[in-house]
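Undergrad: Got a structure here, written out as structure tokens. Questions coming.
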């Protein structure tokens, strides 16, 4: 696909603008693949002979030694989660390629010796402050070499330095140096409460949770990263992310005994090789999905293997502490389901994947994961996923029948497969964390997909060449119709200013004035929000859809995942001028889940019997994070301005 053909360069421009605000210094080929030809399995009949135990193709450098996950933990003891650290970044010029990747071996050894020395003296305020400075956020600026960040972990710098961002031009959505970050009060992580069902699984039916946030009591709707990972029992973790914090990750996953695969971005074969060569030990591997020049590896999928089950985790947040509530100013949403391992040989031989499982495997194969890993998913019982749909966006151009499976076309296909399709009007409430160059056509494509259309309706409307043909198009959405039935929630400047972290901690909430002020931007659809947990900003991506004619089926359903509102995230369907064949072009890698609102008897009443702002139909299935209000669109009334990251 021509990088400049089917898309306006909205996300690329956004990445450049944000990176410039961070004052960074100046400075995908073939399909993605994992780092070894040895197969990796999520399940193995003989756990001691798991393929990840075999020596991989690459070796860690001799001087890059395996170290404890927690430097202040004595050998033989389990480290406890550190208090939420302060975010502090000070970029330093990169001297060369190795230095840019963090491979300053002399400095690494000096830091290691310094840490050893600190263990011999009593804890002090200075030492506590130093620990709070360890957090780093990995980012790369447009067209530049990755740069050092003060206070970074040295354990895996070569592997997890700036190459592991999700895009060639990182949005660098962490708080910029020009906006000094206040140190949050350290808040202890909640102790995991591992309540299981008689089957031994905690979430066998699937559940949607909000991320725990420091400073707020747990009500049952929240979950912490420690509760998800269950560090002491975790055998294999496959982690995807757009942004990474390696030291924090290694405090959550013990790579001395847990096998770890990171699905990440790399700009070139050389960068892949450097990342692979600097893994801390043989338990850590990488997969690099094929990327378009301007695409983003924005998926956050996690697959976690435990002794007798597989946990599928689909969050909206990255693998960084602030997205999982440890700094207490940002909220995300996550879908979790536990799938039991099929034990009996006869049952295992007859076990078949559900549509959810098939689409998950399709997505993993497209990313380039090992065949053995993908095949091993068939060793788990996906029966309880029948009520859900796994939704994905695969970066690239999709032709033949593949265009039907991904992007907004795949969403519409899944909605129909679940029996949620309807020809009638629906109400959509969309919560997002990023606003790009949105236009009427994109909104129509997403609206039609939510009705169950496979993407061709908006294509027909776009390609109709005469007014007569356009007039014949049924149910063509007008701006007025969308204004009544499509609400987009994005924070105003006032909401960010009065949030717990304030503007200095809102770097992952993105919009630009050049798009907002455009004549084609649907400002009349943009609403402010008030979080149920007052003061928290939302990094969640949630689509809430209410049907007016449920006909005995669910009155509502929702989507939670990684996709924001952009063509990069959902794609664009076109037809080839010469052949007439359809093709879907997508830039990003995204994934999410469709969840019908049918839990606890909810969903029996038609949506048109309630207020347009009443979201109570989702109680018991999706914890709605915002307070329902009839407040008018600030984009229409011009009473407020949106939060503009660059302030212009």
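Placement of Cβ uses the backbone N, Cα and C atoms for every residue, glycine included.
TrEMBL lists these features:
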- 16-149: region 'Disordered' (REGION)
- 164-189: region 'Disordered' (REGION)
- 174-189: compositional bias 'Pro residues' (COMPBIAS)
- 298: active site, nucleophile (ACT_SITE)
- 566: site 'Interaction with DNA' (SITE)
Undergrad: What is the number of other Cβ atoms found within 10 Å of the Cβ of the residue listed as 'active site, nucleophile'?
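TA: So the number of other Cβ atoms within 10 Å of the residue listed as 'active site, nucleophile' is 30.
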Undergrad: Cα-Cα, whole number of Å: residue 566 (site 'Interaction with DNA') versus the residue listed as 'active site, nucleophile'?
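TA: The separation of the Cα atoms works out to 12 Å.
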Undergrad: Among all protein chains shown, how many Cβ atoms are found within 10 Å of the Cβ of residue 566 (site 'Interaction with DNA'), not counting that one?
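TA: Residue 566 (site 'Interaction with DNA') is surrounded by 25 other Cβ atoms within 10 Å.
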Undergrad: According to DSSP, does residue 298 (active site, nucleophile) fall in a helix, a strand, or coil?
TA: coil
